[in-house]
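Notes to accompany the following structure.
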Amino acid sequence: MMSTQHFILSLTILIIISNLHDEVNACRELGEECVTRGPKSCCEPLICGLKSHGTGVCVKCIPGGSECKKSEDCCSKRCKSGYCKFK
């Protein structure tokens, strides 16, 4: 039979593991730091507006003059030569 101390220790470990799992798999919200892919990517429909190589901040759209991959990610809806065009 499990003692009370063992039960509490087991429950504590389970809670810690559960919280770590949620943190690792949680998408990032508006204004939070992000990476372009993986567990720290932005929640849809937000996108990661890059600040440096592969990292940035979650935004609704990428402003003119910033790096882009697709026109739909730009506020102007125009991505040309890897940069969002100004409106």
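Including glycine, each Cβ sits where the backbone N, Cα and C put it.
CYS79 is paired in Swiss-Prot with CYS68, the candidate among CYS68, CYS75 named as its disulfide partner. The cysteine that Swiss-Prot pairs with CYS61 in a disulfide, picked from CYS42, CYS43, CYS75, is CYS75. Cross-referencing CYS58, CYS84 with Swiss-Prot gives CYS84 as the cysteine bonded to CYS74, criterion being a recorded disulfide.
Neighbours of CYS75 (disulfide bond), defined as other CB atoms within 10 A of its CB across all chains, total 16.
Residues near CYS74 (disulfide bond) in space but far in sequence (CB under 8 A, at least 6 apart, same chain), listed by position: CYS61, ILE62, PRO63, GLY64, CYS68, CYS84, LYS85. Just so you know, the Cβ of CYS61 (disulfide bond) picks up 17 other Cβ atoms within 10 Å once every protein chain is counted. Comparing the disulfide-bonded residues CYS68, CYS79, CYS84 on other C-beta atoms within 10 angstroms of each C-beta gives the minimum for CYS79.
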